[in-house]
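According to TrEMBL, the features are:
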- 16-398: domain 'Catalase core' (DOMAIN)
- HIS63: active site (ACT_SITE)
- ASN136: active site (ACT_SITE)
- TYR346: heme binding site (BINDING)
Amino acid sequence: MPSKQVFASQDNAVYTTSTGAPVAEPYAAQRVGVHGGLLIQDFHHIDLLAHFDRERIPERVVHAKGAGAHGYFEVTHDITDLSSASIFSKVGNKARATARFSTVGGESGSPDTARDPRGFAIKIKTDEGNLDWVFNNTPVFFIRDPAKFPHFIHTQKRDPQTHLKDADMFWDYLSLNPESIHQVMTLFSDRGHPDGYHNMHGYSGHTYKFVNKEGKFHYVQIHFRKDGGAKSLTEQEAGRIAGENPDYGIQSLFEAIEEGNYPSWTVHVQTMTPEQAEKFRYNILDLTKVWPHKEFPLRPFGKLVLNENPQNYFAEIEQAAFSPSHTVPGIEASADPVLQSRLFSYPDTHRHRLGVNYNQLPVNAPVAPVANFQRAGAMTFISQGARPNYQSSLVPLKYKPKSYENVKHEIWLGHANTDLSFVTELDFEQPRALWLKVFNDTDRDHLVHNIVVHLKNAKSKEVKTRTLSYFATVDQTLSDRIATGIGLAPGVPPLKVAPASAAIRFQAFATA
């Protein structure tokens, strides 16, 4: 059934070729007589087929399946003490926003209810340029070493021989990289099945920096808290819906907006000074850790409202290109190595998927004026006219420096170093607290059940046993309950890991 917008936008358009020439019959093709061959002169037919052959572009290598909508971001509380970003300069400031939500590992036709993290990407078009927040629905992730990302993603997708999802390679990778445990326990809890894309929270995961006009900066984490609370599905509900309506998330988001039930989120920030960061028990650049709310409370500063469905999914959602490198003065990336890696990887995949001029597409084009020395390339829409394509004294551009110096933030001095983190007892403290203190009995029952349902599909006893050690390092009871569920003997010992004291502490001003 077409949406209300379709019926409201009937414009009595006349059918034409791609060049605008009217065509009397779209189904007809020119041929010799009644039974003869087709004619190459039939531009309408040839052009129709040629365009059809090229309709598809590469799907995203991750986050291929998704839904999206438009709306606005509004500043609700003053945070000018934290950031000099123009959008935050006044309470009540509004900017147009586009959001895209997604699963991570599945293809574009996979079920929306799969047990998988969810992407939570927001593009805010400010007067200083686009601000993209490319977040997830979980506050932590599986890795903290960026070179592990392709390896990890390969294990979440299909086996290269069988082309099937494979529980052995899934658990083999995770149990060999135990820093993943916090995200795994979050994923296999009921949080792993959000009830639609519009009923979940969003988290930066990474640490960012807010910098004020005096050059003072804070490390920050951003939280989008769903108004009315997040909702989840049980394993059984998610499985049933996956079979009955694999596009449940796309449909429920679209229909909520169509019916005027606009999803909204309150946006909060957690802040930490460099001095606090050096004293914090965990490394703030570690994507597998959270900042306790009691120590670093949430401070509200904005609202995201989605009140407009796309008119064309491909143009406005599939072509939407988000990147953490798309930022504005007053908001900066930290030295989190996974975040630093994403600063390159995201624009690079957009150039592959959409072309070098992806930021000229309407859904991505900033409302702020663009003036630079980038020219030409496929599908150039914004040419910048006759302006010189080099730094010219004849027609010079103006240059606006930042109100603060980067050197005031962090000083890094050292030799080139091949860096790889190692696992310590510190990596199991927060997952243990999740199991013992945050989860109630029902949560614990569901976590065990959900892990058992997945892990029992692994064929390798070695992988199963190592995975039990992985969970035993969190809590022996957790491991024993899983062992019983998959038909193995309980009592598998925990992994041997370094003591917490061996963990590398964060330093805001560091030498190597």
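Cβ atoms are placed via backbone N, Cα and C, with glycine included.
The structure displayed is predicted, hence computed values, not measured ones.
In sequence order, VAL134, ALA321, PHE322, SER323, PRO324, SER325 constitute the residues six or more apart from TYR346 (heme binding site) in its chain with CB-CB distances below 8 Å. A 10 Å cutoff on Cβ-Cβ distances gives ASN136 (active site) a total of 23 other Cβ atoms nearby, all chains included. Around the Cβ of HIS63 (active site), the same chain contributes SER102, THR103, VAL104, GLY119, each under 8 angstroms and 6 or more positions distant in sequence.
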